[in-house]
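K.L.:
This structure is in structure tokens; I'll ask about it shortly.
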Amino acid sequence: MKILAVLYKGGKAAVEEPRLLGTLENRLGLSDWLQSLGHEFIVTDDKEGPESVFQKELPDTDILITTPFHPGYLTGDLIRNKAHKLKLAVTAGVGSDHVDLNAANEKKIIVAEVTGSNVVSVAEHVVMDILALVRNLIPAHEMIERGDWVVADIARNAFDLEGKVVGTLGCGRIGFRVLKRLTGFDCKELLYYDYAPLPAAAEKEIGARRVEDLHEFLGQCDIITINAPLHEGTRGLVNKELLQHVKKGAWIVNTARGAICDRIAIKEALESGHINGYAGDVWDVQPAPKDHPWRTMKNPLGGGNGMTPHYSGTTLDAQKRYADGTRDILERFFKGEDQIPANVIVADGGYATKAYGQRK
Ligand code: NAI
């Protein structure tokens, strides 16, 4: 079979650090194994436009592997008009929105991801981002690097997490783990908004309360963390209109997908001071263009921006888990065995998961 992988370039770092498995150079650690089985394995980071290696190799590819960190966007057009032989699209990681899932269903392509592989990695990152924003860490560090020392300029916008209301929009594997990690901070309340309620025992374990109306949920949170997949129901969800329901001075952390938030609406809300901070590692296009407003936007006090490149789910620990998980998915596929059910996003022309929106 022909297997095509789109992975980010590791360069010198990947040569020096072999545990950077999810890179162009280290090929998810799959090369020798796939070759020993007689498969052709092509790996590229060149993914944009009709002349890219990705699009040129796609027509006779049987299995595509991509990561959310450097997504090979498998659009409906590519699925319908170029991916003639594609049977399986594997996400080495979590989050398969870079594949047009409805088009994959039309063509009965299986889409599978390594569910759970980096959920702890992301949950830890969210807690870090929340603390960085609420405590005004980044401007404080920048001040030190500049050689300045004006405590009041930082302290005027630094708060404790204790006593704040934190809510997660989407409370699946990551959202739940974020709230669980926050239980030690004596927050005023931990809330969640999700069409799928947590099991009662899980709700009780972390002392979380479900709010069923999105506007009410937003109006109650001091800190909002977004942990829902990107699908038709969440694309552009956090727009100018919705932001009006967010408490003035709230902080937003989005490590789910950039396109859940409207680029300009977020920038304007931060610059006007309606929200006090925005952090996360996901962007509406990746890599983000150099002039993307989220790189440099600031609140009126010159802080409130905790954006990073997309790396929360690609720690070295996570890379090992999603490389192993990718191999397991391929192994099962080659042997004609069933996939682990939680890993399957779409198969046999339909959604196998309830996480990508409410459908009949
Ligand atoms: P999950 O499938 O365990 O949970 C997702 C939850 O979101 C489900 O409970 C679902 O009911 C809920 N949901 C879906 N649509 C919703 C909506 N419109 N409103 C409210 N809730 C909604 O997924 P998991 O593992 O928690 O991951 C969530 C997302 O996080 C992934 O789909 C991916 O986009 C992102 N992610 C980001 C990573 C990073 O490196 N930044 C790494 C891993 C995941």
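In case you wondered, yes, glycine gets a Cβ from its N, Cα and C as well.
Okay, so TrEMBL annotates it like this:
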- 35-338: domain 'D-isomer specific 2-hydroxyacid dehydrogenase catalytic' (DOMAIN)
- Val94, Asn118: substrate binding site (BINDING)
- 128-311: domain 'D-isomer specific 2-hydroxyacid dehydrogenase NAD-binding' (DOMAIN)
- Arg173, Ile174, Asp194, Pro229, Leu230, His231, Glu232, Gly233, Thr255, Asp281, His310, Tyr311, Ser312, Gly313: NAD(+) binding site (BINDING)
- Arg257: site 'Important for catalytic activity' (SITE)
- His310: site 'Important for catalytic activity' (SITE)
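For each feature listed, report its degree of burial, its nearest neighbours and the pertinent distances within the displayed model.
P.N.:
On the 0 to 100 pLDDT scale, the domain 'D-isomer specific 2-hydroxyacid dehydrogenase catalytic' (35-338) averages 98 in this prediction.
DSSP assigns Asn118 (substrate binding site) to coil in the three-state reduction, outside any helix or strand.
The DSSP secondary structure for Arg173 (NAD(+) binding site) is helix.
The C-beta environment of Arg257 (site 'Important for catalytic activity'), restricted to residues of the same chain at least 6 apart in sequence and closer than 8 Å, consists of Gly95, Asp97, Pro229, Leu230, Thr234, Val282.
If you draw a 10 Å sphere around the CB of His310 (NAD(+) binding site), it holds 23 other CB atoms from the protein chains shown.
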K.L.:
Mind running the binding-site residues Val94, Asp194, Glu232, Thr255 against ligand 1 and keeping the ones whose CB falls under 6 Å of it?
P.N.:
Val94, Asp194, Thr255
K.L.:
Between Val94, Asn118, Asp194, Glu232, Thr255, which of the binding-site residues has its C-beta surrounded by the fewest other C-beta atoms within 10 Å?
P.N.:
Glu232
K.L.:
Ranking the binding-site residues Arg173, Leu230, Ser312 by other Cβ atoms within 10 Å, which is at the bottom?
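P.N.:
Each of the binding-site residues Arg173, Leu230, Ser312 was scored; lowest Cβ tally within 10 Å is Arg173.
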K.L.:
Give the three-state DSSP assignment (helix, strand or coil) for Glu232 (NAD(+) binding site).
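P.N.:
DSSP call for Glu232 (NAD(+) binding site): coil, neither helix nor strand.
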K.L.:
About how far apart, in whole Å, are the alpha carbons (Cα) of Asn118 (substrate binding site) and Ser312 (NAD(+) binding site)?
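P.N.:
Cα-Cα distance, Asn118 (substrate binding site) to Ser312 (NAD(+) binding site): 8 Å.
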